[in-house]
Amino acid sequence: MGSGNMVETTTTTTTSSTFMSDFIGKCGGYVVIDGGFATELERHGADLNDPLWSAKCLVDSPHLVRRVHLDYLDAGANIILTASYQATIQGFEAKGFSKEEAEALLRKSVEIACEAREIYYDRCTKDPWDFMENGRTSRRPILVAASVGSYGAYLADGSEYSGNYGDAITLETLKDFNRRRVQILANSGADLIAFETIPNKLEAKAYAELLEEEGMEIPAWFSFNSKDGINVVSGDPISECVSIADSCKQVVAVGINCTPPRFIHGLITSIRKVTSKPVLIYPNSGETYDGQTKQWVKSSGNVDEDFVSYIVKWREAGASLFGGCCRTTPKTIRGIATALSDKN
């Protein structure tokens, strides 16, 4: 599948350290990440009431996945994340797929995103009026990030929002669980791997060791979630988690996702005390997920559904990559892109 990369996947440690800062520079000093995936799939008619969640669409409606990617590219995204957050070999096997079929579906998640990028670039070539800069056509830099959800996402019981996996889950359990999935995604044609919604220090350590042990050169980002603005959801200090990401040479950016917007400013400050790597933030809408009922519940008190107005302040606080997580839409991402370009 042709990828049309603006930034090629790095193969040496030297260039890996500048991969994201180079990309941020190519984008004009800030990067727009896409937004919520499942909500958009459901809006287009997908039924996600399944342990595979959005990964179910890789099986039965890949055209919808492609459409959502294109919606976010049209909204101004520089980075689109694949529909593999909840796609695990073990999860697919539990639904009756063979190991080979499961691995093919992981690769397919990247192929669909790369196809969407090619379709988008093709459209820009045919109708370049919206893509003019200083009188010449400008091809917007776009990366495909292979999404890796936490072990809790595979359990589909909401434990990625608590980080409580129980005493039976060890560092080795998590490495073994993720090893083959990460190997496949690292060789799938994606530009980087996005380790998302990391709820505890143990899982961050497992990912870092996995990248080192397997000698993977693909760049990665680590993104944690928090429910108090001080710690990750398990209660582990954010500083300790970020420190693991900072010391892993493959990690080119670190930040926060699936977290209420009101905590983001303080978390950016905390992260920047520990690392000089670029900081990414893509909060949710401000609602809270109930793992028992599998419903989003409006937060009491400090409601902050429209966080686009905070984007400029978050950039001033030191973040460089901005997007949305659960319950955000292409409209949110278009708002972010507009807010950043107006300020630039």
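A Cβ is built for glycine as well, from the same backbone N, Cα and C atoms used for every other residue.
Feature annotation from TrEMBL assigns domain 'Hcy-binding' to 19-340.
Cβ neighbour count for CYS326 (Zn(2+) binding site): 20 (other Cβ atoms within 10 Å of its Cβ, all protein chains included). Residues annotated as Zn(2+) binding site in TrEMBL: CYS258, CYS325, CYS326.
Cβ proximity to the Zn(2+) site centre (mean Cβ of CYS258, CYS325, CYS326, cutoff 8 Å) flags the following additional same-chain residues: GLY36, THR197, ASN225, ASN257, THR259, TYR282, PRO283, ASN284, SER285, GLY324, ARG327, THR328. Here CYS325 (Zn(2+) binding site) comes close to GLY35, GLY36, THR197, ASN257, CYS258, THR259, TYR282, PRO283, ASN284: these same-chain residues lie at least six apart in sequence, with C-beta atoms under 8 angstroms from its C-beta.
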